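Some notes on the structure that comes next.
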Amino acid sequence: MLIDKLMKNTREIVTLEDAQKLDQKAGVKSYIGIEPSGIPHVATAVMWPRKLAELQDDIKIYVLLADWHAMINNKLHGDLDLIRKGGELLKRSFMAEGLTKAEYLWASQLVSSSNYWEMFIKTAKRSTLKRLTRALPIMGRTEADAEKDFSMYIYPIMQVTDIFYLDVDIAFGGMDQRHAHMLARDIADKMKVKKAVSVHGYLLSSLKGNTRMDNFVKMSKSDPNSAILINDEYKDIERKVNAAFCPPEKVDGNPLAEIMKYVLIPYYGRDIIIEKPSGNVRIENVDQFQNDYISGKIAPTELKKAMIPILDEMIEPARKVAYDMDLSIFS
């Protein structure tokens, strides 16, 4: 059933009741919006395309290469030419990782229509500056940032308009996109248009760990040592994983445990073998992994040794694509 595939490796569905109704609907449409901003990391270019690939035979999937959004957000210095090269890298990476049946669209295609801007204005008229300010974290910005650059207030309205204009039943995104998706659901009621189900995936922590227990720091391509990037070679992955924060007997706030739970175990396709002098451990599911790690049955060094070749294998399709492009332009 569709609902089972939606729930797999998902942090939150808003609402579960609405999602269950989609099992009885034909022609379900969905979208995910991605800002092109350079060389993507394992969460963007491995986890998401592999999750969506499991759904591509059941539903229509739009991948929105959000070039205008990236320009507003000053990604790649706001250079649209560079941003579009980044978008092409994203598209090729997603396809290499298995998402071959999606329809890839550029935001610049959408905004070329007067109907889009009519929808944008109708959306804006049903929001407030206060609500848009609360939504700024979707682009990693604050009110102070927007006070210096008013275009940042346009970003959340565009994201909501994307959802309405594409007329989708499902909006995919990380938990950092929750504000925009909830804004879309609220405005949908006011505009009497389709209210998209929100399917939120997990965010991966920085490999360096978090500085405080209450301060989540996510994996970021802007800090290469915090993330596994798709152009990382085996030696790079080995260095980053071996240096990564990985407290023993603890999975919460453990970036390597998160990669295991949200990337490797769901999408590797085979059991994961942890080599131990006392006898190997075969990991078959997330619950077993968590229990074995928390109990001390798996040590951090043993986990790291097992993860390195699997990560290398899983990013290889996207890495081949990256090697065919001049990545120095993103430096």
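Heads up, the Cβ atoms here are built off N, Cα and C, so glycines get one too.
Copied over from Swiss-Prot, here are the features:
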BINDING   Tyr31, Tyr155, Gln159, Asp162, Gln177  L-tyrosine binding site
MOTIF     218-222  motif ''KMSKS' region'
BINDING   Lys221  ATP binding site
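Mapped onto this structure are the features recorded in Swiss-Prot.
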| residue | record | Cβ contacts under 8 Å, 6 or more apart |
| --- | --- | --- |
| Tyr31 | L-tyrosine binding site | Ile61, Tyr62, Val63, Leu64, Asp162, Ile163, Leu166, Val168, Ile170, Ala171, Phe172 |
| Tyr155 | L-tyrosine binding site | His69, Ile72, Asn73, Leu136, Ile138, Met139, Arg141 |
| Gln159 | L-tyrosine binding site | Gly33, His69, Ile138, Gln177, Ala180, Ala184 |
| Lys221 | ATP binding site | Ser37, Gly38, Ile39, Pro40, His41, Ala227, Leu229 |
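Within its own chain, the motif ''KMSKS' region' (218-222) is flanked in space by residues 37-43, 176, 203-207, 228-229, 255, which lie at least six positions past its ends and keep a Cβ under 8 Å from the stretch.
When DSSP labels each residue, the motif ''KMSKS' region' (218-222) comes out as 0 helix, 1 strand, 4 coil, counted as helix, strand and coil in that order. Around Gln177 (L-tyrosine binding site), a 10 Å sphere centred on its CB holds 23 further CB atoms from the protein chains shown. In three-state terms derived from DSSP, Tyr31 (L-tyrosine binding site) belongs to an extended strand segment.
Restricting the average to the motif ''KMSKS' region' (218-222) gives a pLDDT of 78. Of the residues the record lists as binding L-tyrosine, namely Tyr31, Tyr155, Gln159, Asp162, Gln177, the two whose Cα atoms sit farthest apart are 17 Å from each other. The local packing around Asp162 (L-tyrosine binding site), expressed as other Cβ atoms within 10 Å of its Cβ over all shown chains, amounts to 28.
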